[in-house]
Amino acid sequence: MDPTHQPFRLYAEVIVNANINKILDYGIPAELENLVTVGSVVKVPLQRKLTNDKYKIAIVLKIKSSSDFVHVIQPILDISYEGITLPQDLIDLIFWISQYYFCPLGSAVSLFLPTVYAQTHSTKHQNNVFLGQNAERTQEILKTLDNPQQIAVLRKLLKTTKPLTPPELMRKTEVSAKTLDALVKQKFIRIVDSADLEIQDEQLHYFLPDPPTLNQEQLDAVNTISQSLVAEQFQTCLLFGVTGSGKTEVYLQVIRKARALGKSVILLVPEVALTIQTLSFFKMHFGSEVGVLHYKLSDSERTQTWYKASRGLINIIIGPRSAIFCPIQNLGLIIVDEEHDSAYKQSDLPPFYQARDVAVMRGKMTNATVILGSATPSLESYTNALSKKYTLSVLSKRASTSTPTKVFLIDMNLEMEKTRKKPFFSQTVIRSIEQRLEVGEQTIIFFNRRGFHTNVSCSSCKYTLKCPHCDMILTFHKTERILLCHLCNTRLSKPITSCPQCLGTMTLQYRGAGTEKIETLLREFFPTARTIRLDSDTTRFRGSHDALVKQFATGKADILIGTQMIAKGMHFPAVTLSVVLSGDSGLYIPDFRAAEQVFQLITQVTGRSGRSHLPGEVLIQTFLPQNSTISHALAQDFPAFYKEEILGRKVCNYPPFTRLIRCIFLGKCSDYTLKETQRVHTLIKQNLDSQASLMEISPCGHFKVKDLFHYQFLIKTRNILVANKQIQEALAAAKLSSKVRCIVDVDPVTTFF
């Protein structure tokens, strides 16, 4: 094309943050020619009618002198995020994620932006409203208030998960500033400048264990890992250390080595809940070099940290899975703590990436050293280590300050024979808790179900109350007096006095137990004990998790009851008793990872007690005392568990011997959704690679969710990219109706739900 007909002197090929899989051309205005480069984050109009204040964010891939689309070309509107430029490794990672995880390029781009809502980097601070210092008592406080405006404010803050400014809160609750002032005076709420939300050093000491002297195994691990770090060669190391073996101290020494070499670090933890303790530990050692990234930060906070990391003002980033996409400069070390944890897999929204695997790929692209740390490695990672694909460093014993923990199994079948009913607590557990209370030691109780009663059923017709929108039994939450669906969050707050099916009155029975009931029973057994419950109900508002953990860590509570969030990586030196109330519950799920997840969970809970000089004890209640998974967890023998479990995986051809792709089809009409699923299934079967295998169609474990019916089938393959191409061709040929949606999940963590 004749360059004289080009309306711009320079053009940019970009990927737009939208659900499209195309690279688009935009013109570069003269005033931006010296600012736009490869990797620039820019603002572009996606439709011709968009005005200057309506735009999409895009990443620049290439600068060129001409375009074949001059008749429709539009200009780049401006640079974004203060002219931050993504490094080439992140651009390459966008393409890899799009290809591997079966998602449009535009969807992959969204992972690499701090927030699609923050228009530019800003150092301006804003006030946010939070619950007061006694946030965990808000439900009790509500019962004492008679002012409807104040009640409305507190209830709104209980339900919200994002920071609200005073004007936003007043608008949403229709109250005046006087109402907020009154709540502030009563210390029921706090109004805080966003700049003051960063953790101050003096607030961190209650989380920190005493730094031990490294033992020989730890020193060997540090030396092994440091070799690739010094050589600037890509290497993945599996750090397999029993609970309490001092993996964090190994991380610390390797990070020091990386910083001495001028390299930056990304440290991933599986959940936001763990970020506070990890941040506390490393901020004490590295101070302002450390930054944190996670979804509970405000848009401006997240953007500021992202900006500082890209400018080299922060050299250590800590956060959950999304932190792996931070554009930190001169990356040399990536650590994935608790690498086995399913929270590293994004399962709620596409792209359905696995952050552990993305970390390994980013390490490969940057010649960085990658550490995968765990006391219970995933079977995939352990297999890679045994086959020498990864290096293996083993910490086989607890650190010098820790005492070996004694683990005991309690056969609940025998307890039933004694009491002639199904008890929640064995007599052994009751006595053991009493002993800890007498000497001032702490207890952790693990029970992986929320709520008070897990089901409500009719004694006459046997009907069980279910969510009207999901194939899910409703759970009774006593504190809020509601029946709640744990899938779609539907709440039934009106009292149900008769059976919806047979209309019988006085026939409804509340059965089962969740953490809320366990807490109530413990208060009945031990009325003077100070108990804390840690689950998604008590930690749903900002700051509540940290406040509860601090309360327990500083000895202001005796017993901590919680779901799986208490099993992960927390350090409480005064805890000498850990109790697993239902050690076998996860084994009843028909999923190929069920045994692995039960083993991991029990082992992680086991590691919460006896982490200091005090001896620890673990009690595991089970109705399956002969089950081999529980026996291996009891013995804390991962190699024995692996040896047994890997045989079953090989016979059934499941990971790590193959890769899985899960195709899920959703629609409002069950029959029609099934027919569409069958059409695509047939097309894939006709063209599938001979080395891959196609499983039959089945309903998903959660068949109906939010009024949509779910069907699925699995593909087993050793070449994900080839299989993805065949799926894409089948979907294109099928031309699915708009009434049915297809989700492709590569390397799923579950094949059932």
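A Cβ is built for glycine as well, from the same backbone N, Cα and C atoms used for every other residue.
Counted within 10 Å of its Cβ, the other Cβ atoms near Val242 (ATP binding site) come to 22, all protein chains included. DSSP classifies Val242 (ATP binding site) as coil under the three-state reduction. The annotation ATP binding site is assigned in Swiss-Prot to Gly241, Val242, Thr243, Gly244, Ser245, Gly246, Lys247, Thr248.
For Cys499 (Zn(2+) 1 binding site), the same-chain residues 6+ apart in sequence whose C-beta sits under 8 angstroms from its C-beta are Cys458, Ser460, Cys461, Tyr463, Thr505, Thr507, Leu508. Taken from Swiss-Prot, the feature Zn(2+) 1 binding site applies to Cys458, Cys461, Cys499, Cys502.
In three-state terms derived from DSSP, Cys470 (Zn(2+) 2 binding site) belongs to neither a helical nor a strand segment and is classed as coil. Counting every protein chain shown, the number of other Cβ atoms lying within 10 Å of the Cβ of Cys470 (Zn(2+) 2 binding site) is 21. According to Swiss-Prot, the feature Zn(2+) 2 binding site maps to Cys467, Cys470, Cys485, Cys488, an assignment based on sequence analysis.
Annotation source Swiss-Prot lists domain 'Helicase ATP-binding' at 228-395, citing sequence analysis. Over the domain 'Helicase ATP-binding' (228-395) the predicted model carries a mean pLDDT of 92.
The annotation domain 'Helicase C-terminal' is assigned in Swiss-Prot to 491-646.
Taken from Swiss-Prot, the feature motif 'DEAH box' applies to 337-340, supported by sequence analysis. Mapped onto DSSP classes, the motif 'DEAH box' (337-340) shows 0 helix, 1 strand, 3 coil.
Summary of the Zn(2+) 2 site environment: with the site residues Cys467, Cys470, Cys485, Cys488 set aside, the chain residues having Cβ atoms within 8 Å of the Cβ mean position are Lys466, Pro468, His469, Met472, Leu474, His486, Leu487, Asn489, Thr490, Val705, Lys706. Closest by Cα distance to Cys467 (Zn(2+) 2 binding site), from the binding-site residues Thr243, Ser245, Lys247, is Thr243. Across the fold, the C-alpha of Cys488 (Zn(2+) 2 binding site) and the C-alpha of Lys247 (ATP binding site) stand 38 Å from each other. The Cα of Cys502 (Zn(2+) 1 binding site) lies closest to that of Thr243, out of the binding-site residues Thr243, Ser245, Gly246.
The Cβ of Cys502 (Zn(2+) 1 binding site) has 13 other Cβ atoms within 10 Å, all protein chains considered.
Cα of Lys247 (ATP binding site) to Cα of Cys485 (Zn(2+) 2 binding site): a span of 38 Å. Of the chain residues outside the Zn(2+) 1 site list Cys458, Cys461, Cys499, Cys502, Ser459, Ser460, Lys462, Tyr463, Pro500, Gln501, Leu503, Gly504, Thr507 have their Cβ within 8 Å of the site's Cβ mean position.
A Cα-Cα distance of 40 Å separates Ser245 (ATP binding site) from Cys485 (Zn(2+) 2 binding site).
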